[in-house]
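Novice: The structure's right below; bear with me while I get my questions together.
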Amino acid sequence: MLLILLVRGVTLPNAIDGIKYYLYPDFNRLADAQVWLDAGTQVLYSFAIGFSMVTSLGSYNDYNYNCYKYTIIIMSTSVAVSFISGLVIFSVLGFMAKEQGVDIATVADHGPGLVFVVYPRAVTMMPLPGLWAVLFFITLLLLGIDSEFASVEGVIKSVLDRLEMQHHRLPFLTGIGIISFGIGLTMVTQVSL
């Protein structure tokens with residue numbers, strides 16, 4: 001999906017301006033602490049450094065597991081996907097800037113909401129936009145659910161190991177699922193605590 005969006009993005013008018021904006025940094029911004037904070041946050045979330053999920057998922061491997069090889073593969077893949085995502089976003093931002101007659105820096109909000117502006121815009125310019133929009137949002141939903149599985153696994157593994165309840169895993173997971181569902185209902189309805 002990402003490669004299809006990349007091909008579509010780089011073929012848009014004025015996409016090259018967005019790509020140049022992405023690839024040629026403003027070195028004066030390196031003095032801004034917010035830039036370093038955002039970069040550090042991105043690295044920590046991309047590689048899940050400091051989250052219990054890495055340790056808990058790693059505990060399922062054999063003792064002699066070649067973690068160095070797979071660490072390099074996973075890190076390289078993560079960097080490549082992040083770089084390609086940036087190319088897609090900024091190629092579409094270049095197009096949107098030309099279309100709106102504004103500078104690329106002001107064409108869209110920064111932050112996580114950017115994905116809900118730029119990618120849907122790219123999808124609407126493809127043949128069968130409804131199909132691509134459904135596929136894109138299903139992909140986004142599945143990625144989010146997968147991330148939650150990994151995050152919850154870190155907590156569950158820690159609790160089960162601490163309480164020595166490995167043989168009661170299924171009832172414990174069922175209980176966590178029901179509790180999480182109940183808490184989640186308060187987040188999506190107008191019920192407040």
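Placement of Cβ uses the backbone N, Cα and C atoms for every residue, glycine included.
OK, TrEMBL features for this one:
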TRANSMEM  42-60  transmembrane segment
BINDING   Ser46, Leu143, Asp146, Ser147  Na(+) binding site
TRANSMEM  72-97  transmembrane segment
TRANSMEM  130-149  transmembrane segment
TRANSMEM  170-191  transmembrane segment
Novice: Take the Cβ of Ser147 (Na(+) binding site) and count every other Cβ within 10 Å, whichever protein chain it belongs to.
Specialist: 13
Novice: Residue list, the transmembrane segment (170-191) vs rest of chain: Cβ under 8 Å, 6 or more residues beyond ends.
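Specialist: Sequence-distant neighbours of the transmembrane segment (170-191): 152, 156, 159-160.
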Novice: Please report, as numbers and ranges, the same-chain residues at least 6 past the borders of the transmembrane segment (72-97) whose CB is under 8 Å from any CB of it.
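Specialist: Distal contacts: 2-3, 5-6, 9-10, 12-19, 21-22, 42, 46-47, 103-104, 107-108, 114-115, 118-119, 121-122.
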Novice: Neighbours of the Na(+) site Ser46, Leu143, Asp146, Ser147: Cβ within 8 Å of the Cβ centroid, same chain, sequence order.
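Specialist: Along the chain, the qualifying residues are Gly144, Ala150.
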Novice: Would you mind listing the long-range same-chain contacts of the transmembrane segment (130-149), meaning Cβ under 8 Å and 6+ residues beyond its ends?
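Specialist: Distant contacts of the transmembrane segment (130-149): 1, 4-5, 115, 119-120, 123-124.
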Novice: Hey, what's the Cβ neighbour count for Ser46 (Na(+) binding site) at 10 Å?
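Specialist: Here the count is 13.
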Novice: In DSSP terms, helix, strand or coil for Leu143 (Na(+) binding site)?
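Specialist: Where Leu143 (Na(+) binding site) sits, the three-state DSSP reduction gives helix.
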